[in-house]
């Protein structure tokens, strides 16, 4: 078996990726989220597949087909809520994974980092389209508001929106194509994740100290397979508690009302994981400016390798930038809170200040603090 593991063309790839992979001996639990994201993806594809067997992508029957899944299909309620809350768990793991990458300087592996950001965009697109499928009030109005943002693009905006809608409003054609895209995108994400891993294994993993790890490496199996298993058990526990005790905790009650184009909900808001970007969008009074800020709030992550001014890779030994990092985390939590609030005083000004702080920390303060820390090193 050992020989086959190392000689068989297919097993050899698996062996070099998950068994004999040389891994830094010092990586902490923050490195568990890669495997957890893989599990999230598999879970979402499997639950999604079973939901697709019973779902109908027609405006007349979409809402009742979801009700049918929950009431009449064997364990349909469990599959539906695992899929809905699986998306929330996916984003929790994603945000922690990206945060770890920023904290420990993993963005210096530019190819891996950039493909990771493309993955983030793909997952966000998939989640948005998935939220439209139950065809509740928030599904319909969320789809209307977010797709309408494209009309801010000069010259081609209106045409682009009507092209995406497949008509002059969000209707049957929109729902059908969103279902088609929502079904195919996870497989594209899987392919991108493999490319992400391919580039990661070209350089090897980073480690908490940010120093060259080649001096001390251990095989991935059994050390990290066992370590990852603990993370998986914690993940499954949290997930099951969420699904079985409060499945609607992270959802919107408006989505239990069938979509009605004639009745606008008082507060249109996306799922919780988009609220920070939604708050940045709303903080700019101009439509095109808001859309640009929305896209840049994620695209700005691509600038991290270019904005790295420090001689040290990780934030482990950099107290000033460390402080800025945690201010950034709190700022993102404030933006998430603001995104769920109505557009009125004092939420407008808080959102604007938090948005300015978000871009300022990344573009101005972090590069400057890196240079200051370089000076301190010479003292």
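For all residues, glycine too, the Cβ spot is worked out from N, Cα and C.
For reference, Swiss-Prot has these:
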- 33-53: transmembrane segment (TRANSMEM)
- 77-98: transmembrane segment (TRANSMEM)
- 83, 182: heme b b562 binding site (BINDING)
- 97, 196: heme b b566 binding site (BINDING)
- 113-133: transmembrane segment (TRANSMEM)
- 178-198: transmembrane segment (TRANSMEM)
- 201: ubiquinone binding site (BINDING)
- 226-246: transmembrane segment (TRANSMEM)
- 288-308: transmembrane segment (TRANSMEM)
- 320-340: transmembrane segment (TRANSMEM)
- 347-367: transmembrane segment (TRANSMEM)
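What Swiss-Prot annotates, mapped onto the structure for a quick look.
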residue: 83; record: heme b b562 binding site; Cβ contacts under 8 Å, 6 or more apart: 44, 47, 48, 51
residue: 97; record: heme b b566 binding site; Cβ contacts under 8 Å, 6 or more apart: 33, 34, 37, 116
residue: 182; record: heme b b562 binding site; Cβ contacts under 8 Å, 6 or more apart: 48, 126, 129, 130, 133
residue: 196; record: heme b b566 binding site; Cβ contacts under 8 Å, 6 or more apart: 112, 115, 116, 119
residue: 201; record: ubiquinone binding site; Cβ contacts under 8 Å, 6 or more apart: 16, 17, 21
Query raised in the report: Do the transmembrane segment (320-340) and the transmembrane segment (288-308) share at least 3 Cβ pairs under 8 Å, sequence separation 6 or more?
Result: no
Counting Cβ pairs closer than 8 Å to the transmembrane segment (226-246), the top stretch among 77-98, 113-133, 178-198, 288-308, 347-367 is 77-98
Per the Cβ under 8 Å criterion, with at least 6 residues separating them from its ends, the transmembrane segment (347-367) contacts 279-280, 282-284, 293, 296-297, 300, 303-304, 307-309, 321, 324-325, 327-328, 331-332, 334-335, 338-339, 341
